[in-house]
Ligand code: GAL
């Protein structure tokens, strides 16, 4: 495995910096203030293109030169954007064919950001021309510590339905299926008279009069992810030609963006980096943060990663943009560090006075430095310095949760048993239940080596290949413990139903067979024989080799098994056929007591040292057994660590 070369030693503090929005005297004030705040790394030139190339072929690097020199003089390292994330207006005026097209066939115009088609050869040529110039100019500058390709690739433009994309989609399909007959089989085109005689007949899946072909939609997702990855590769190859500095781009492992299959992207990154914002549209945004951090660590193969963006306070793009209470931003940051981040960066340094993001928080708010927000930044900076020695250590976890973007795309097809059942809800519920039990979970792909885990959790894994399903069954047969939840194992990679009863791929390992789904209306609940309430989903399940743990007491499936347990080889596999509190089953499967807590406890371990992170999300102090030194407070801990309400502790543990 590749070792990770972080841009700055220790646990660094960083931010996006957009000097284009300010005058040179503000740059100087900023550099001095950044130093005061202990900023180690700044991302510049993220949206730089229209400044660097104000008209076609006319280049101006003096401002960027000056900013880089200024940062260098202040001992601040540069995370250098290639500048290509948003094309300048001249480009889309000269080449309107670069503009993306939505699924209704209408063009998306400039005026926002990222208005480019991922398959556009014109865009790629012009962008790579700029990247080459930036790479040659700054690729060996001593301040430049990291390349930041574009920005959040696919945030807005992942799915483009223009004719250029359609042509690229066809050649991608030819690469995947070789013969048109194989594609016809894979897409099940005998249904609704969709049989293709020639590749040229295939379209991108624009909106249709009725439901679209689900296999075509899934392939379009796969294609779109690959297309942007191809674009990333082109920029990265050019950077590597001119420079030895590590290359990355910022992922969006988050609840509202799902278009890129980051399992295929991650191996291409020198450092895995993620952007994460608390999403107050979710039931439990803080639990989702922990999930996203665990998934990012999974993408990084367990090695340290960077949090490339988060917010100091409120964002501006949710319907109701909640700020962070004092202490909250520090808890958020330390949760990322606990779960493997060695760098904590923010969008952005100085709050914008103009533009679409003028109401987005920043490290330096509109009101300046005499503010609660600024004092929090200083406190975070000091905390990160104090815990710097945890950098390079890895997170300890013996439970895995399987996650798949392909399942996310396919499980949420246009026509499905219940629109109220979503993939992410199943994933989040399982992860949150483990977290409340105090379990640290690795989030891994369905083809991961599972042998070292004591428990593997498979929430709503709708699409799975034969090979991956076999790997999971073998893991159980060899003594592993498995918990699978409803709407799992239903289809193969072609989105073709696995016949013979649900949950298709997992029937044998779970020892059950389900004849029929019976989803519940949102708001309706049923009772289980274990006295738990359950919602959203029931099914006509029977056991083959499993034993029944709980049945539905009422509702459409009264008297039918709801939770089962199957001994398979040396191991045990549970099936949960409804949405209910999973903590009892998870605790039993993991061999733990079923007790929940507000404290988040995670351990990072190096070859000769270990660090215990305890984050108190509650409103009263919590105790935790520990011995060593709390790096945050500098105090010795002799057996019992007390963490104040809303506080954080990182104990360098003494081995007894
Ligand atoms: C990200 C983006 C940043 C900024 C931020 C606001 O999507 O990379 O440029 O827009 O969100 O939350």
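Backbone N, Cα and C atoms are what each Cβ position is placed from, and that goes for glycine too.
Residues 151, 317 are recorded by TrEMBL as substrate binders, and the candidate that the same record lists for that site, out of 108, 113, 195, is 113. The candidate list 15, 117 contains one residue that TrEMBL assigns to the Zn(2+) site with 160, 162, namely 117. As a whole number, the greatest separation of Cα atoms within the substrate-binding residue list 113, 151, 317 is 17 Å. Checking the recorded positions 113, 151, 152, 162 against ligand 1, the ones with a C-beta less than 6 Å from an atom of that molecule are 151, 152. A separation of roughly 26 Å, to the nearest angstrom, links the Cα atoms of residue 309 (active site, nucleophile) and residue 160 (Zn(2+) binding site). Of the listed binding-site residues, namely 117, 160, 162, the sparsest Cβ surroundings within 10 Å are found at 162. Per-residue pLDDT, averaged across the domain 'Glycoside hydrolase family 42 N-terminal' (16-386), gives 98. For residue 117 (Zn(2+) binding site) paired with residue 317 (substrate binding site), the C-alpha to C-alpha distance reads 23 Å. Per DSSP, the domain 'Beta-galactosidase C-terminal' (600-653) is made up of 0 helix, 36 strand, 18 coil.
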